[in-house]
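Q: First the structure, which I've put down as structure tokens, then a few questions once you've had a look.
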């Protein structure tokens, strides 16, 4: 059992350390080259995550190879902390991406201690002020609407993502006529005033409907969809960390066994 625990800890942490080092190297490379607007959103979280992954994995390798009681204890402490953080993150993501659960828990509490506004958290933090300006620049830089060429007249029949449907074309209720996928005009028979999102629409490729409320709704739906996937990823990570924690406990329990007997 001891040999299996050591082998599992060494193999898994070696792989994770390489992944962390590769991610850290990529982050530094992007920083040196000058990140785009989209890359700025993930650069700092990626650097921190990669550095922590490399650090904890290195601790695991040292703990399994040399059996230092202090290092093993420190390694287990960080693993336990990681489990707690992943659980909290998963619950938080569930609350902010599930309107029913978010609404049920928003503003609850005892006395002056109240929970936050989970129902509108994503909208309040991403769809306002400088954060939204950064997102619109990211959408423009990433050319999310460029998959449709000027001659692509079959625009409506394509499978559009929430972001593309809300940001790359005027709202359906505007009644605009499409000359092609990148150019829309007001019909000559239009009788209603051009207001709201219809007025915000621009045929300029760096503007389009990025200033529309429909674009914010599309981005909000896109964030919720991807964050729900992140919950599944977090749960898989929790299982992996629990496995490593169990193996680490076994290594710690038997760390007085002579070094050679751990592998032979």
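The backbone N, Cα and C atoms fix where each Cβ goes, glycine too.
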Q: I'm validating the feature mapping. Which of 76-96, 97-117 is tagged transmembrane segment in Swiss-Prot?
A: 76-96
Q: Is residue 5 annotated in Swiss-Prot on the same side of the membrane as residue 72?
A: yes
Q: Please work out which recorded stretch in 46-66, 76-96, 229-249 has the most C-beta pairs separated by under 8 angstroms from the transmembrane segment (14-34)?
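A: The stretch with the most contacts is 46-66.
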Q: When DSSP is mapped onto helix/strand/coil, what comes out for residue 180 (N-linked glycosylation site)?
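A: Looking at the DSSP assignment, residue 180 (N-linked glycosylation site) belongs to a strand.
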